[in-house]
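Working notes for the structure below.
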Amino acid sequence: KGKCPEDGWDESTIELFLHELAIMDSNNFLGNCGVGEREGRVASGLVARRHYRLIHGIGRSGDISAVQPKAAGSSLLNKLTNSVVLDIIKLAGVRTVTNCFVVPMATGMSLTLCFLTLRHKRPKAKYIIWPRIDQKSCFKSMITAGFEPVVIENVLEGDELRTDIEAVEAKIEALGAENILCVHSTTSCFAPRVPDRLEELAVICANYDIPHIVNNAYGVQSSKCMHLIQQGARVGRIDAFVQSLDKNFMVPVGGAIIAGFNESFIQEISKMYPGKASASPSLDVLITLLSLGASGYKQLLKERKEMFFYLSSELKKLADIHNERLLDTPHNPISLAMSLKNLDENNDAAVTQLGSMLFTRQVSGARVVPCGSVQTVNNYTFKGFMSHANDYPCAYLNAASAIGIKKQDVDVFLKRLDKCLKTSRKEAKKEKSVNEISNSNTGTEQLGD
């Protein structure tokens, strides 16, 4: 039926299935006589076993989704993976999605592929409307495709940074709809930025007949992000949404899913990919979903949501102890932010020092964001880079409850964060008192002179 099995398979069943697929590829035929330049020859037995002897990759030179006659098993693997992944996207909340395919590139390059496909539909267009999110790969995806990003600054509502819908529409009017390739919006993001107002953006795109590409990097694991995409497609226009394999399905980095509601447009994107492609990302995600089953994946989504509420409540308690606060970002379902105002006021370097302390104590993934940092990316200068705004009111620390997180991860993180905050405060106070004594001595010397 091309759907994810409800209950996961055991490893021996999965391996038997993969071996059955592999023997359909010509390089594994007993009497095969290969005289071409690409015959699936592998010098190392270890490499062959690592790939279950599925060596031919996926697609053909003109279409990543096409069937290879001499690689029936690899082609079947590709078709099945795309079908199973489509089933999971529907299960996760985007019920009306019609087509998707796994592409062996991470999210940034997959977005670039979408933009390059749109280039042929809108030859006059040179701009992409982009509500600001301080993450380099999604910004570079537009530059790499040869377009000029038009950065729309977010608006501060309470602690949250939200989409400035009026600014988006005003910029479309100013530039002219025919000169705009698409609106490039974002769902999953670091707090205090929250998912874009997808419904309103989708309505604007429908009204002005402008394509809409959504960066849904790690949004599959969030029912809220998936609901936004579903609603956006229902009330307006969403042409494609792109998500990472590693972030949503716990597989190695190197693959993404491009999905959408217009089957022919998604096929156009797959045909834009030049040449054949690695089957590894497709193989990894198929093995993972067969082993989890639909019920196993749903359980992981449930546990992630539970851990988000646990992390939120425990981080709030810790913030209160240290006279800080958990920023109020109810529209962000994955990422949380805790202010570092006291640390920042005592010592400018103390905030970045906290990040180093956490990393050396084996806390990965936590982001420490100081105020006022400036960064240039591809000749575009961002003030307040990493905070998604020119002047966010305070420095802060990010932590996320992503799929696969365990209670132990949260508890150990909070324990280490508590120790680091105590140490940072002590060092900041010590440095402050040393500076005060130094300034006092300097003043005395000047009076003596």
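Keep in mind that glycine also has a Cβ here, set from the backbone N, Cα and C atoms.
According to TrEMBL, the protein carries these features:
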BINDING   R38  pyridoxal 5'-phosphate binding site
BINDING   R60, S61, Q68, K276  substrate binding site
BINDING   R234, R361, K426  tRNA binding site
COMPBIAS  425-434  compositional bias 'Basic and acidic residues'
COMPBIAS  435-449  compositional bias 'Polar residues'
MOD_RES   K247  N6-(pyridoxal phosphate)lysine
REGION    425-449  region 'Disordered'
Counting only residues 6+ away in sequence within the same chain, which have a CB under 8 Å from the CB of R38 (pyridoxal 5'-phosphate binding site)?
H56
For K276 (substrate binding site) and the residue listed as 'N6-(pyridoxal phosphate)lysine', determine the Cα separation and express it in whole Å.
24
List, in sequence order, the same-chain residues at least six positions removed whose CB sits under 8 Å from that of Q68 (substrate binding site)?
H56, I58, G59, R60, S74, S75, K276
If you count other Cβ atoms within 10 Å of each one's Cβ, which of the binding-site residues R234, K276 has the most?
K276
Residues that sit under 8 angstroms from R361 (tRNA binding site) by C-beta distance, when 6+ apart in the chain:
R416, K419, C420
List nothing but the one residue from R60, K247, K426 whose Cβ has the fewest other Cβ atoms within 10 Å; the candidates are the recorded positions.
K426
Roughly how many Å separate the Cα of the residue listed as 'N6-(pyridoxal phosphate)lysine' from that of R234 (tRNA binding site), to the nearest whole number?
26
Rounded to a whole angstrom, what is the largest C-alpha distance between any two of the residues R60, S61, Q68, K276 that the record assigns to substrate?
10
